[in-house]
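Student: Quick one: structure below, then a few questions.
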């Protein structure tokens, strides 16, 4: 993840971020430091924007709006980071990742809470997560070590996954289980590609020089991390929505929330099958 000596110079000047990625800087466009790592963030921008529109249309609880909003903010932050490789834009990417995961943990903890109640549930956990979010930001601004962000984010993701497993075991919901497996599979595959990009950067760079230009974007493993991880996190929000409504059973037993269109949305459907 060190800066590459052979990189071109571009509009945003010398990178000030604490990390750089395997894609050569300004190789494609003078105004975009990492073209493919930038545009791949559309998965974390367009998809949650669709999710916001869809949840409004289906009148899902407002708590899920922030879930989608945090993904969108991370998408824009990551776009800005990879486009400029400036430290300020790196923070725009990395801080919301931690904050958004904290909010996800909170949403998973209040699945059983009445969605129509104006009472704020689980205030102690909410306060603790706010303190963690602020504390992390202060420490990270003081000690900007990428491994610190990776470690804290990884721990929070693991906690959210443990919460989801607990809900699956408690509710015995087949749809929840299937959505969890798909989301986790996508996320872990993206994480695998993220590691390939970091560990085998030199090999990938040599490979790109030996293949036609058309195929080079497909070898940008960090870009694929954005695609698969973004998709996986989006489905995790759908998991949270489904598990919440499944617990409260607001609708008749013959209706069930099922994923549609390759997990881009969930819809109420009539079904005699038991899930």
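Quick reminder: no glycine exception, Cβ is built from N, Cα and C everywhere.
The Ca(2+) binding site annotation in TrEMBL covers 20, 21, 23, 25, 34. Residues or ranges marked as Zn(2+) binding site in TrEMBL: 82, 222, 226. Per TrEMBL, the feature transmembrane segment maps to 35-53, 65-83, 95-112, 124-141, 147-167, 179-196, 224-245.
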Student: Relative to the Cα of residue 34 (Ca(2+) binding site), which of the binding-site residues 82, 222, 226 has the closest Cα?
Tutor: 82
Student: Let me spell it out: take the transmembrane segment (35-53), skip the flanking residues so only those 6+ beyond its ends count, and list any with a Cβ under 8 Å from a Cβ in it.
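Tutor: Sequence-distant neighbours of the transmembrane segment (35-53): 21, 23, 27-29, 65, 68-69, 71-72, 74-76, 78-79, 82-83, 217, 220, 222-224, 226-227, 230-231, 233-234, 237-238, 264-265.
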Student: Find the member of 65-83, 124-141, 147-167, 179-196 that has more C-beta pairs under 8 Å to the transmembrane segment (95-112) than any other listed stretch.
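Tutor: Out of the listed stretches, 147-167 contacts the transmembrane segment (95-112) most.
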Student: Ten-angstrom check, please: count other Cβ atoms within 10 Å of the Cβ of residue 222 (Zn(2+) binding site), all chains counted.
Tutor: 23
Student: Which has the fewest other CB atoms in a 10 Å radius around its CB: 21, 25, 34, the listed binding-site residues?
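Tutor: Lowest Cβ count within 10 Å among the binding-site residues (21, 25, 34) is 25.
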Student: Do any residues, 6 or more residues outside the transmembrane segment (124-141), come within under 8 Å Cβ-to-Cβ of it, and if so which ones?
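Tutor: Answer is 91, 94-95, 98-99, 102-103, 105-106, 109, 148-149, 152.
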Student: At the Cα level, what's the spacing in Å between residue 25 (Ca(2+) binding site) and residue 226 (Zn(2+) binding site), rounded?
Tutor: 18
Student: Which one of the binding-site residues (20, 23) has its C-beta surrounded by the most other C-beta atoms within 10 angstroms?
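Tutor: Highest number of other Cβ atoms within 10 Å: 23.
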Student: Around the Zn(2+) site formed by 82, 222, 226, which additional residues qualify by having Cβ within 8 Å of the site's Cβ center?
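Tutor: What remains near the Cβ centre is 21, 23, 34, 36, 37, 38, 40, 41, 78, 220, 223, 225.
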Student: Sequence-remote contacts (6 or more beyond its ends) of the transmembrane segment (147-167), Cβ cut-off under 8 Å?
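Tutor: 94, 97-98, 101-102, 104-105, 108-109, 111, 136, 139-140, 173, 176, 180, 184, 236, 239, 243.
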Student: Can you work out which residues elsewhere in the same chain, 6+ from the ends of the transmembrane segment (224-245), have a Cβ less than 8 Å from its Cβ atoms?
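Tutor: Cβ under 8 Å, 6 or more out: 37, 40-41, 43-44, 47-48, 51, 55, 60-61, 64, 67-68, 71, 75, 78, 104, 107-108, 111, 115, 160, 164, 167, 171, 173, 175-176, 179-180, 182-187, 189-191, 193-194, 197, 251, 257, 259, 263, 265-266.
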Student: Considering only the binding-site residues 82, 222, 226, which fall within 10 Å of residue 20 (Ca(2+) binding site) when distances are taken between Cα atoms?
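Tutor: Among 82, 222, 226, the ones whose Cα sits within 10 Å of that of residue 20 (Ca(2+) binding site) are 82.
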Student: Far apart in sequence but close in space: which same-chain residues, 6 or more away, have a Cβ under 8 Å from residue 226 (Zn(2+) binding site)?
Tutor: 37, 40, 41, 43, 44, 78, 190
